[in-house]
Amino acid sequence: MHFFQSSLVAATMGAALVAAAPAADLETRGSCTFTSTSALKSGKASCSTITLQNIAVPAGETLDLTGLKAGTTVVFDGTTTFGYKEWEGPLISASGTSITIKQNPGAKIDCDGARWWDGKGGNGGKKKPKFFSAHKLNKSNITGLKVYNTPVHGFSIQSDHLTIKDVLLDNSAGTKLGHNTDAFDVGSSTYITIDGATVYNQDDCLAVNSGEHITFTNGYCNGGHGLSIGSVGGRSNNVVNDVTISNSQVINSQNGARIKTVYGATGSVTGVKFQDISLKGITKYGIVVQQDYENGKPTGKPTNGVKVSDITFEKVTGTVTSSATDIYILCGSGSCTNWTWSGNSVTGGKKSSSCKNVPAGASC
């Protein structure tokens, strides 16, 4: 048995030391329980199962789960908390191959984002740490985490063959001052599956900026900006291909199903499917495709450098508020092609008079 503490690393046997184990971080036959970030950092490399027990992450530090040996299982236990500092984060970072990240019953990750929320998100005010960096977390699984009140962005995903299942991200306390609390931002990734997510937030529930073979299904999105592709363009990777967003609900959000591309940029959005999406209480657009984003804002002037082709909107149904627009399609000349439009019904709002270059078969 090994006991990891900031001032002691000992290997010994005896009943007296065994009795002291609850106060220490214990590793036995590859199973390790850590109660501090310093112990985790020094001991994680030798562990096949890591339990994180009531860890209080010091201000300005990352809970470092990078470089784990292949096949490691990480288990959050109790309540994980974070000290306050204005910095970029992330609060948690994980990488490795064939990693499983999960939690014990009753556990939660409480970011206490209200300490940072000022209504400005990432656009000014306090510098806010992002929550979870899942970069190079390949052939891995994140399952059942319950996350509360991220200061700003939630999961940043740049990985291959990563499955995220039954995750709760609850920023409902940030309705007034939370901003840019995106749940899942996906970029430069392949074979990503997000299944059964429950999200309460103030920005995109899902944003796919680049990547291929991505699935978001059985999701519930409340209070944010909806299910989004983009903005696509202006990055090092400007290709989105083979994305299926299905069997999901979008409630009390700005947008329902959205594709947005950057003004004057190049790239491609192909093989994207929105299927069986239920909308309720949408305040801006039920279905929206815009090719006019510049500096994060629409210009009303679409360009055609990003091709938006082989797109399916199927059974996107529900209601928007009376001040919202049911459907808005603003494409560049010749850039939106080969769309499938079937069984869509968005009602309750206004009909747009500003649609341009609507592809054959679609309605606006």
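Heads up, the Cβ atoms here are built off N, Cα and C, so glycines get one too.
Swiss-Prot lists a disulfide bond between Cys205 and one candidate from Cys111, Cys221; that candidate is Cys221. The recorded disulfide partner of Cys331, taken from Swiss-Prot and restricted to Cys336, Cys355, is Cys336. Between Cys32 and the candidates Cys47, Cys111, Swiss-Prot records the disulphide pairing with Cys47. Cys47 (disulfide bond) sits 52 Å from Cys331 (disulfide bond), taking the CA atoms of both as reference points. DSSP assigns Cys47 (disulfide bond) to coil in the three-state reduction, outside any helix or strand. Outside the repeat 'PbH1 1' (159-188), and at least 6 residues removed from its termini, the chain residues within Cβ reach (under 8 Å) are 113-114, 117-123, 134-150, 152-153, 194-211, 214, 216, 221-224, 235-237.
Across the disulfide-bonded residues listed here (Cys32, Cys205, Cys221, Cys331, Cys336), the residue whose Cβ sits among the most other Cβ atoms within 10 Å is Cys205.
Residues of the same chain lying 6 or more positions beyond the ends of the repeat 'PbH1 2' (189-210) and with a Cβ under 8 Å from any Cβ of it are 121, 153-154, 157-172, 174-175, 178-183, 216-232, 235, 237-240, 243, 245, 250, 253. The average pLDDT computed for the repeat 'PbH1 2' (189-210) is 99.
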